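> Sharing a structure here in structure tokens format.
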Amino acid sequence: MSSGTPSTEPESSGRSAGMSTSPTSIPAGKGTTTPPKVTQQDVSVELKNMRPDRSPPKGSIPLGEDIMQIARIGEIGPMQRLFDEKKFTANYQDEEGITPLHWAAINNQYAMCKFLLDNGADVNAKGGDSVATPAMWAAQRCHYYIVHLLLQHGADPLLTDVQGYNILHLATIDGNAFLLVLLLHQEIPVDVIDQQGHTGLMWAAYKGYPACVDLFLRWGANVNAVDDGGLTPLHWALVKGSLPCVQKLIEYGADRFAKTRDGKSPATVAGEMNTTRVWYRALDECGYDVDGNTKVLPMGLTSWLRNKSVMSKFFFLWPFLMVYAAVYILSHMVIYAAIPIMLVATFGLQWVAQKAASQAPSEYRVLQKTPYLSGVFAGSLFWVGVTYIFSVLPATYSTSPILNILFAVFYCLTTYFYIYSMTEDPGFVPKTGSRNQQKVVINELFEQWKFDEENFCVFCMVRKPLRSKHCKRCSRCVAKHDHHCPWIDNCVGANNLRHFVLYIICLEIGIILFLQLTYRYINILPAPVEHACNIINEELCGFVLRDPFTLVLDLWIAIQLVWVTMLCAVQLVQISRNQTTYENMRGHSIDRSYPSSRAFASAITAGTTSLEAAGLSATGQGPNPALARGHSHRGRRHGCLQQWSSLLGIDTFFATARDGLRDGPRADRPKNPFSRGIITNCRDFWCDPAPYFGKREPGTAMLGGEIVNYNQMYEVPMRMYSDGRYQSVAHDDPEQHV
């Protein structure tokens, strides 16, 4: 919160209406005397309401002697004078028990908080209508750097306010996952309850925070805990109606038939809260019918469709049949009938795959998230190989031996690099071995003012190296993340980027060679004795009917040549820039938003010209650089055309072209801190000592002629480090860019 904006004190009851455990009603009010019923209206369930009219009492006290106002705006100089003149102490309390530390904490005045603590302020003093500690005030504004400072100085995280909420409950209600990560590493019991038996998981489920629900469940929270009214987290999630929360709870084994004290099951709650549609969909996504029972499929298919290994193989091999069926129908039937029959057959086979996906494990419910697309390529590659071995090779080897040898070499190379790119670890950032190690990492990031979404992953619980990104498909952070490619069903990162580039280059060359070979092959074949075509002329008809299957297959792979060429061009340009696809699409930048002049101004605002005392980094970065920035969980809707544009890499191609043709001086363009010039960038990529055929050391690569490890790169190389710092591009999520 800006120091120039009047702050507010948490009010004791304004945010408590809505969550209750009365056995006679669906949860309604927390801490209220007579719990109201939850209606279908938007019942705001907040613990503390911060009204803008609440601020430290002003009266006629001059600003220079108003200790509360001085604490609020963070003026250390005047505060020091008050202490020197013995007018106040750091433990001064007003008539409500509020201390200067409360006001400094809620206004994110890090330097003032540290100053007060160093002067003996009681870190656990309770005050205000809510009888809360400074740490609680800070937690309700998600000022987790302040919370960390107070915890370091002895703040007790298990203290409760007048309504029985501790700091974990307050942090959960505001939904900040980073604050929860900090608190859970303070040995706070994950299932600690409030006065009415609500756990943090219940609050997260009620508020509809999927990231917080996931965090609590991964931390070991009891998914079937019950409060004083007998409600479980699943009941609370259905009150809010958040599909991701409900689905996550069911996946973790929530009791689908648990009843409250007044006999209400989750289904009953869903009906009363008008969230039945969410309830049914979550059940379906997790493999249950509308009654909550496990779906039973005919012919014993249930066990097969629920088996991830079996379904992975099915989705990969099914397109082999689809490609063959489409090519066969188009090549063996009259064109008027072939096209509609081929479309019906193709969509029919795809419908089977989609129905199988609807009963598969939850991560396979969307066809694009399965190995289906990689199977399309593998099937095409397989039938090209079969056609070449049994048709093209015998007819052309004697007349075109060199061309055949070249094609065979590039076909084998394409297959090898494809399989390697698909099966190799793309560069997953190693996870820490224990929670104690996680805590050490978190403390180190706090010391460096880097505990934020750009430097720490709340899913993997690891420090994110530069150029890394968390892949939702792989559920891991990937070093030097390029993109998640559905055509290889794997991420492309530090370990397999070169193999991926070699794969598409060999594919490009292989397609061109095969087209030349099949042209020579068709010319060698004798023309059919009798032939009749409905559309094309007689001469072309005779040419096509010599081997229609091979020609249709040629047409299919020629279409693939278009997007493969664009993909090759994009990757080669990015290699010359030492840039990944993700960086290309989201922008490489040095963060110059906090130059030295702003650092100085911030230090003055904090009441000191010392960067250290003001809680600023050497580059002027404040102690809370990204805390006010919210994170949207609302996914973008993409049309069919845009989805295929992403899948085929067309959007990346045009983005690269626009960047190359952009007007304006180069000095105005975002700087790439990893570029060493075109020649050096290309040499680093292609002359990397890692083997072309075999695994490389995880995370290693060359940068400026030196071996670096992207698994452990947390600082920009000094050669490019000036007055700014590198800022990773972890804002949007183009998971399907190729």
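Including glycine, each Cβ sits where the backbone N, Cα and C put it.
Below, the features straight out of Swiss-Prot:
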ACT_SITE  Cys485  active site, S-palmitoyl cysteine intermediate
COMPBIAS  1-14  compositional bias 'Low complexity'
DOMAIN    455-505  domain 'DHHC'
REPEAT    96-125  repeat 'ANK 1'
REPEAT    130-159  repeat 'ANK 2'
REPEAT    163-192  repeat 'ANK 3'
REPEAT    196-225  repeat 'ANK 4'
REPEAT    229-258  repeat 'ANK 5'
TOPO_DOM  1-314  topological domain 'Cytoplasmic'
TOPO_DOM  358-372  topological domain 'Cytoplasmic'
TOPO_DOM  423-498  topological domain 'Cytoplasmic'
TOPO_DOM  570-738  topological domain 'Cytoplasmic'
TRANSMEM  315-335  transmembrane segment
TRANSMEM  337-357  transmembrane segment
TRANSMEM  373-393  transmembrane segment
TRANSMEM  402-422  transmembrane segment
TRANSMEM  499-519  transmembrane segment
TRANSMEM  549-569  transmembrane segment
> Just to be sure I understand the packing, how many Cβ atoms besides its own are within 10 Å of the Cβ of the residue listed as 'active site, S-palmitoyl cysteine intermediate'?
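The residue listed as 'active site, S-palmitoyl cysteine intermediate': 28 neighbouring Cβ atoms within 10 Å.
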> Helix, strand, coil: count each for the residues of the repeat 'ANK 4' (196-225), based on DSSP.
17 helix, 0 strand, 13 coil
> For the topological domain 'Cytoplasmic' (358-372), jot down how many residues DSSP puts in helix, in strand and in coil.
8 helix, 0 strand, 7 coil
> Answer yes if the transmembrane segment (499-519) and the transmembrane segment (315-335) have at least three CB pairs under 8 Å among residue pairs 6 or more apart in sequence, and no otherwise.
no
> Tell me, what is the mean pLDDT of the repeat 'ANK 5' (229-258)?
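PLDDT averaged over the stretch: 94.
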> Which listed stretch (315-335, 373-393, 549-569) has the most C-beta pairs under 8 A with the transmembrane segment (402-422)?
373-393
> In the same chain, who gets a Cβ under 8 Å from the transmembrane segment (315-335) while lying at least 6 residues past its ends?
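Contacts with the transmembrane segment (315-335): 341-342, 345-346, 349-350, 352-353, 356-357, 364, 367, 370-372, 374-376, 378-380, 382-383, 489, 534-535, 548-549, 551-553, 556.
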> Does DSSP give Cys485 (active site, S-palmitoyl cysteine intermediate) helix, strand or coil?
strand
> Please report, as numbers and ranges, the same-chain residues at least 6 past the borders of the topological domain 'Cytoplasmic' (358-372) whose CB is under 8 Å from any CB of it.
247, 251, 284-287, 295, 297, 301-302, 305-306, 308, 311-312, 315-316, 318-319, 350, 473, 486, 489, 643, 647, 736
